[in-house]
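**Student:** Positions annotated as transmembrane segment by TrEMBL: 62-80, 92-112, 118-138, 150-168, 180-199.
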Amino acid sequence: MNVFRILGDLSHLLAMFLLLVKIWRSKSCAGISGKSQILFALVFTTRYLDLFSNFISVYNTVMKVVFLLCAYVTVYMIYWKFRKTFDMENDTFRLEFLLVPVVGLSFLVNYSNAPMEVLWTFSIYLESVAILPQLFMISKTGEAETITTHYLFFLGLYRALYLANWIWRYQTENFYDQISVVSGVVQTIFYCDFFYLYVTRVLKGKKLSLPMPV
């Protein structure tokens, strides 16, 4: 395992912990897209169906469990524990616009038609677009809290580090996973505009604001 993957995993964990801490300490999930969190929970569920049947390493198993727990605890806090603070009026991205093409693509472009393989492919494709409801919500409200932007930054950093991980593996192991690489590039592109605003505004103490959707 190379350093890029470890740093990517740690960045991913940090993003999830920041979000959970933000919700718990403020007793509010305002500004958080519940729909994005549902999609991420679905990503981990379909990707880690082999949790108890395919042991790779202790590290791998622990990471799977932690990601699943964080995802479902976040969904629980948004839709149950702190549901009165959930901004449902602005979390309006239509999930069928993502789920329908992702499901279709998972059956059309994969490495095998075996159920587990199709579900894994589905999780890869879905993860690449799961953040869109959150970005749409920010653009609709016009701004985001600083802690929310930190969450998005580390989530984007995780994908960028995984791109470096794939480049490293190709150079050292001649390993190339086209589905993961292409999906990762697509996901990173979605963060590019956010990264620019994060560096030029948030790190200077200004609020992040995105253009209103057309």
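Including glycine, each Cβ sits where the backbone N, Cα and C put it.
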**Student:** Any chance you could find the range in 62-80, 118-138, 180-199 with the most Cβ pairs under 8 Å to the transmembrane segment (92-112)?
**Tutor:** 118-138
**Student:** Quickly jot the same-chain residues contacting the transmembrane segment (62-80) by Cβ under 8 Å, restricted to those at least six beyond its ends, or write none.
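**Tutor:** Contacts with the transmembrane segment (62-80): 9, 12-13, 16-17, 19-20, 23-24, 29, 32, 34, 37-38, 40-41, 43-45, 48, 51, 86.
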